[in-house]
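Swiss-Prot annotations:
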| type | residues | note |
| --- | --- | --- |
| DISULFID | C4-C20 | disulfide bond |
| DISULFID | C8-C22 | disulfide bond |
| DISULFID | C13-C27 | disulfide bond |
Amino acid sequence: HEPCGESCVFIPCITTVVGCSCKNKVCYD
């Protein structure tokens, strides 16, 4: 799992549309 370059502390991951998910306040693929 690689970081998607996005955090999800205050807002959800926009990168969920490309298969990323929130883990420990960071978006991972």
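Quick reminder: no glycine exception, Cβ is built from N, Cα and C everywhere.
Swiss-Prot feature annotations superimposed on the structure.
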residue: C4; record: disulfide bond; DSSP (3 states): strand
residue: C13; record: disulfide bond; DSSP (3 states): coil
residue: C20; record: disulfide bond; DSSP (3 states): coil
residue: C27; record: disulfide bond; DSSP (3 states): strand
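Of all the disulfide-bonded residues listed here (C13, C22, C27), C27 has the Cα closest to the Cα of C4 (disulfide bond). Within the same chain, residues at least six positions away from C27 (disulfide bond) with a Cβ under 8 Å of its Cβ are P3, C4, G5, E6, S7, C8, C13, T15, T16, C20, S21. Long-range Cβ contacts of C22 (disulfide bond) within its own chain (separation 6+, distance under 8 Å): C8, P12, C13, Y28.
Counting Cβ atoms from all protein chains shown, C20 (disulfide bond) has 21 others lying within 10 Å of its own Cβ.
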